[in-house]
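Engineer: Below is a structure I'd like to ask you about.
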Amino acid sequence: MRSTAEQSVDTITEAALPPRSRPSAAIGRSLRRSQVTDTIVLMAIHPIVVYGEPVLHRRAEKITEFDEDLAELVADMHETLDASNGVGLAAPQIGVGKSIFVFNADDDYGVRRRGTFVNPVLIASKVPDTRPDPDDETEGCLSVPSLDFPLKRADRVTVNGFDEKGEPVTLSADGWFARIMQHEYDHLQGTLYVDRLDKRWSKKWKKAQEAHGYDQPGLSWMPGVDPDPFGH
Ligand SMILES: [Zn+2]
């Protein structure tokens, strides 16, 4: 899921500090980020596939082996998410049809939550049967670049799953963070937020989809290399 304008990015704060007061880890990270060619190799940032790519539109497969390959894939997903300035990323978005998503965002109480769900199961409160508020309930997706649309979501969720080591993880959330959980969980069912829009917004999406060519396979973009599609 893309971030909103209100979501601050921690690296901006680090970069704003005078060089001598930066912690060394932050310097290392900044340097690696500035070397675009090396970044791809060292950090294994993956291209993000766009709506129309079949892997996005089918149910992801469950993970059965919690091994080194999984740990590497999860690490790559976090790197890719950071480089994309997003708040959540599901494995199908990097072309891997596995039941994994990662997230990194502040919740409604200002607490930064960063983590991983493997084979998650989501339980949500009822989605209100009202129109979404375009100011407060607009959503975007890294796989639907440069667009956003209002969508009603459940206010409360609980997610149960595992981390990359196979340890059980449970997370309850409301508001904005609950929205992120629903968005990412949807990805693992082969559903994108634009597939859930009400009649009015769905019409606008269909037009934009055609205009952007998001109705056929083959499109992708590279976080940290291509211009940020959401202007972050
Ligand atoms: Zn998404």
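Glycine is no exception: its Cβ is also placed from the backbone N, Cα and C atoms.
These numbers come from a predicted model, not from an experiment.
Pulled from TrEMBL, these are the listed features:
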type: COMPBIAS; residues: 1-11; note: compositional bias 'Polar residues'
type: REGION; residues: 1-26; note: region 'Disordered'
type: COMPBIAS; residues: 15-26; note: compositional bias 'Low complexity'
type: BINDING; residues: Cys141, His183, His187; note: Fe cation binding site
type: ACT_SITE; residues: Glu184; note: active site
Engineer: Show which residues of the chain containing His187 (Fe cation binding site), separated from it by at least 6 in sequence, have their CB under 8 Å from its CB.
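Structural biologist: Long-range Cβ contacts: Leu56, Ala60, Ala90, Pro92, Gln93, Phe101, Ser143.
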Engineer: Given the residue listed as 'active site' and Cys141 (Fe cation binding site), what distance in Å do their CA atoms have, once rounded to a whole number?
Structural biologist: 9
Engineer: Can you see whether DSSP assigns Cys141 (Fe cation binding site) to helix, strand or coil?
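Structural biologist: SS state of Cys141 (Fe cation binding site) = coil.
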Engineer: Under 8 Å Cβ-Cβ from Cys141 (Fe cation binding site), six or more apart in the same chain: what's there?
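Structural biologist: The answer is Met1, Arg2, Tyr51, His183, Leu192, Tyr193, Val194.
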Engineer: Residues other than Cys141, His183, His187 within 8 Å, Cβ to Cβ centroid, of the Fe cation site?
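Structural biologist: My list of surrounding residues reads Met1, Gly88, Ala90, Gln93, Glu139, Leu142, Ser143, Glu184, Asp186, Leu192, Tyr193.
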Engineer: State the count of C-beta atoms found within 10 angstroms of the C-beta of Glu184 (active site), not counting that atom itself.
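Structural biologist: Counting Cβ neighbours of Glu184 (active site) within 10 Å gives 25.
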